[in-house]
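**Student:** Pasting the relevant annotations from Swiss-Prot:
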type    : residues               : note
BINDING : S112, L113, L114, P115 : (6S)-5,6,7,8-tetrahydrofolate binding site
Amino acid sequence: MKPLRLAFAGTPDFAAASLQAVLDNGHQVVAVLTQPDRAAGRGKKLQQSPVKQLAHSQGITVLQPENLKGEAIHQQLRDLNLDALVVVAYGLIIPQAVLDMPRLGCLNVHGSLLPRWRGAAPIQRAITAGDTETGNTIMQMEAGLDTGPMLLSESLPIGDSETGGELHDRLAAQGARLLVTVLQDLEKYLANATPQPDEGITYAHKLSKAEARLDFRLPTGALYNRIRAFNPFPVSWVPLNGQPMRIWRASESPQPAQANDEPGYILSVDDQGIHVATGDGSLILEELQLPGKRRMAVSDLLRGNPTLFSVGEPLGDAIINESGDHSGNA
């Protein structure tokens, strides 16, 4: 198949992997759409998205509309005379008028095995749910949220200790590879597209920092999965003196729960880490980040602060009362 005339819409690192793969395989990317530069970091300086940085390095025209609703951006896209628009983690709604513009429509790389985990955060939701596998789906876009016909999918096992960041990187590479495969014979894949099944639909709602606050009344496995899933964003935490203490890494303890163990209280502190009671056992916290400090292994942290955590005391302000309110603020 001859090289396609494409535009690419994407924003984060996950999307940049796909853009690089498309460029490496000789397709003509005539424009890149990415979200406007956003203020980020402590200095709140404007940051270019990874996709914009890659596009600039390749001399590709970059478009950064606040949305895709206006006639001006519609005319710009019509003038590109596209064979297809590739959309990967763009972050803006694609209206029907834009979906209808390219000759062969719009394609999307989605980091799950659809219809499971439609939506914004499929990678993290798969881990929090305790899924043992996930994958990527290349689909033809339509107006619904990740509802379009599937062109190609491939599964990927989730490691027992894999973090959201680690799984993200493996899925980004897999998605890029599958995208290139589809683009090599796009019309054949479109002709053989498969509707998504009506069974097994779940939604991967957007992540928030508030939900990353740990409730130690949950089972150990659920807490462990949350800590893995939310590394490196939004990062699990509990309040310590009114500020978030981040929990980067933990492991499940084999010790069963004791009748008098109160969730959120420290059971022991040793070379493994801080053993904290949960709803059905205990969790070993192995890497923490105190407010305003860098992340550290608990063993290193305790060398400089041996009395920071005391057995029989709650972990920071981690206790939640029976009404569901937290005893501390963040």
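Placed from the backbone N, Cα and C atoms, the Cβ positions cover glycine too.
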**Student:** Looking only at Cβ atoms, how many others are within 10 Å of the one on S112 ((6S)-5,6,7,8-tetrahydrofolate binding site)?
**Tutor:** 25
**Student:** Compute the centroid of the Cβ atoms of S112, L113, L114, P115, then list the same-chain residues not in that set whose Cβ lies within 8 Å of it, in sequence order, for the (6S)-5,6,7,8-tetrahydrofolate site.
**Tutor:** H110, R116, W117, R118, P122, G135, T137, D146, S153, Q196, G200
**Student:** Among the binding-site residues listed here, L113, L114, whose Cβ has the fewest other Cβ atoms inside 10 Å?
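**Tutor:** Selected from the binding-site residues L113, L114 on minimum Cβ neighbours within 10 Å: L113.
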